[in-house]
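Quick look at what TrEMBL lists:
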- 4-130: domain '1-deoxy-D-xylulose 5-phosphate reductoisomerase N-terminal' (DOMAIN)
- Thr10, Gly11, Ser12, Ile13, Asn122, Glu124, Gly202: NADPH binding site (BINDING)
- Lys123, Ser149, Glu150, Ser173, His196, Ser209, Asn214, Lys215, Glu218: 1-deoxy-D-xylulose 5-phosphate binding site (BINDING)
- 144-226: domain '1-deoxy-D-xylulose 5-phosphate reductoisomerase C-terminal' (DOMAIN)
- Asp148, Glu150, Glu218: Mn(2+) binding site (BINDING)
- 258-374: domain 'DXP reductoisomerase C-terminal' (DOMAIN)
Amino acid sequence: MKIISVLGSTGSIGTQTLDVVRNSEGKLAVYALSANSRADLFEQQIREFRPRIAVMMQEEKALYLKQQVVDLPVKVLVGMEGLLEAATAAEVDTVVTAVSGSIGLEPTLAALNAGKNIALANKETLVAAGELVMQTAERNGCSIIPVDSEHSAVFQCLSGNENAVKKIILTASGGPFRGWSRERLAEVTPVMALKHPNWNMGAKITIDSATMMNKGLEVIEAKFLFGVDYDQIDVLVHPQSIVHSMVEFRDGTVLAQLGIPDMRIPIQYALTYPERWENRLPELSLAGKSLTFEKPDLAAFPFLKFACSCGQTGGTLPAVMNAANEICVHAFLAGRIKYLEMHELVERTCQAHQVLEIKDLDTVLTADRWAREYAASQINLG
Ligand code: NDP
Ligand code: MG
């Protein structure tokens, strides 16, 4: 039996992870769960999965939750301290990092330092501090198995051939505004951007998909996970989301991984690797389907190229870009800035930043905090 902690269990990846546990016939067990705001759903999860630790980030909600679950033998913890305990508990084998945003960085590093394997959904962690995270994993002999569908695909295609890679080709759905001009994008509202054609995801990543910042974050994620250079990573738009990514090898062979667009498949694989377990998900049916590929429109979606250039500069710049983007996405969702302003503000924040080399976690956290404050101050000026 594998014992897991799920950080962010009330979210899209978190609930799907629990679905995988539910269907594992007792081969997966939950030791700790964490939530931020959704106390009622969290209580249901605690009743069903009986974790020993339940972390509620928000203090008031934690007080409420404590009263709701007094009848259960669960320890209710609060805030970052609680997350760190959930990530490092001695009983846990694997930590699923399914929180949204760079808040996942500290618990991920703590988990690695405690010798835990990571099933990594929280890409912002690798964007903010990829080198630090990968080095910490290596030093502690831990594996980081990707949950992100593209990276799970690459991971599976690479298997055994890591030294013969020529190129990684990440596929992208193109989001809800594929084919739109920059002028037309000026009119995009949060309601329009929250409708993704193929995937049902949390709000933050759905907006990132609509701006293609998500693919930019994924390029940086791939760079660190697979140890390749930026010029070895290409992006192809594949609107059907069936081919989850590809790897081209030096002999000209290209391997691709295909599947229905359902995150439970890569989540399950991250938890069962190197085994493959059965499940009850629908089969992929290809008959009569056409699979198409096209180049991304970098003029309409400048975030993709911008994120790659921040990645190339390195140091604290990707952390700053990511933090500013988090602020902008939340401001866009709250109706405080327009769709096109997200790019302007993230770019302005990056330009104002004095890039530093990342020496330790503190350097990253300071840069992240600075970027949040700077981006927020620009929004308040506007
Ligand atoms: P959701 O917004 O659906 O869920 C986020 C989870 O994190 C929730 O449990 C939420 O709690 C919790 N959370 C939010 N803010 C905080 C915080 N400040 N402190 C602690 N916990 C917090 O996100 P997703 O599940 O969509 O995404 C999670 C991660 O996985 C992201 O990094 C995303 O990029 C990545 N990912 C997601 C995919 C998807 O299909 N959804 C695909 C590939 C990667 P609560 O709900 O209680 O407020
Ligand atoms: Mg993805």
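Counting begins at 1 with the first residue displayed.
A Cβ is built for glycine as well, from the same backbone N, Cα and C atoms used for every other residue.
The model shown is predicted, which means the values in this text are computed figures rather than measured ones.
Local packing around the Cβ, expressed as the count of other Cβ atoms within 10 angstroms, is greatest for Gly11 among the binding-site residues Gly11, Gly202.
Among the binding-site residues Gly11, Asp148, Glu150, His196, Gly202, residues whose Cβ is positioned under 6 Å from ligand 2 are identified as Asp148, Glu150. Across the residues annotated as binding NADPH (Thr10, Gly11, Ser12, Ile13, Asn122, Glu124, Gly202), the two Cα atoms farthest apart lie 18 Å from each other. Cα of Glu218 (1-deoxy-D-xylulose 5-phosphate binding site) to Cα of Asp148 (Mn(2+) binding site): a distance of 8 Å.
Around the Cβ of His196 (1-deoxy-D-xylulose 5-phosphate binding site), 18 further Cβ atoms fall within 10 Å across all displayed protein chains.
When pLDDT values are averaged over the domain 'DXP reductoisomerase C-terminal' (258-374), the model yields 98. In the shown protein chains, 28 other C-beta atoms lie within 10 A of the C-beta of Asn122 (NADPH binding site). Residue pair Glu124 (NADPH binding site) / Glu150 (1-deoxy-D-xylulose 5-phosphate binding site) shows a Cα separation of 15 Å.
Here the C-alpha separation of Gly202 (NADPH binding site) and His196 (1-deoxy-D-xylulose 5-phosphate binding site) works out to 11 Å. The binding-site residues near ligand 1, defined by a Cβ under 6 Å from one of its atoms, are Thr10, Ser12, Lys123, Asp148, Gly202, chosen from Thr10, Ser12, Lys123, Asp148, Glu150, Gly202.
Between the binding-site residues Thr10, Asp148, Asp148 has the most other Cβ atoms inside 10 Å of its own Cβ, all protein chains included. In sequence order, Asp148, Leu217, Glu218, Glu221 make up the list of same-chain residues 6 or more apart from Lys123 (1-deoxy-D-xylulose 5-phosphate binding site) whose Cβ falls under 8 Å from its Cβ. The closest partner of Ser12 (NADPH binding site) among the binding-site residues, by CA position, is His196; the full candidate set was Glu150, His196, Asn214.
Cβ packing within 10 Å was compared across the binding-site residues Ser12, Asn214, and the lowest neighbour count falls to Ser12.
Under 8 Å, Cβ to Cβ, and six or more positions away along its own chain, Glu150 (1-deoxy-D-xylulose 5-phosphate binding site) finds Leu170, Thr171, Glu218, Ala222, His244, Ser245.
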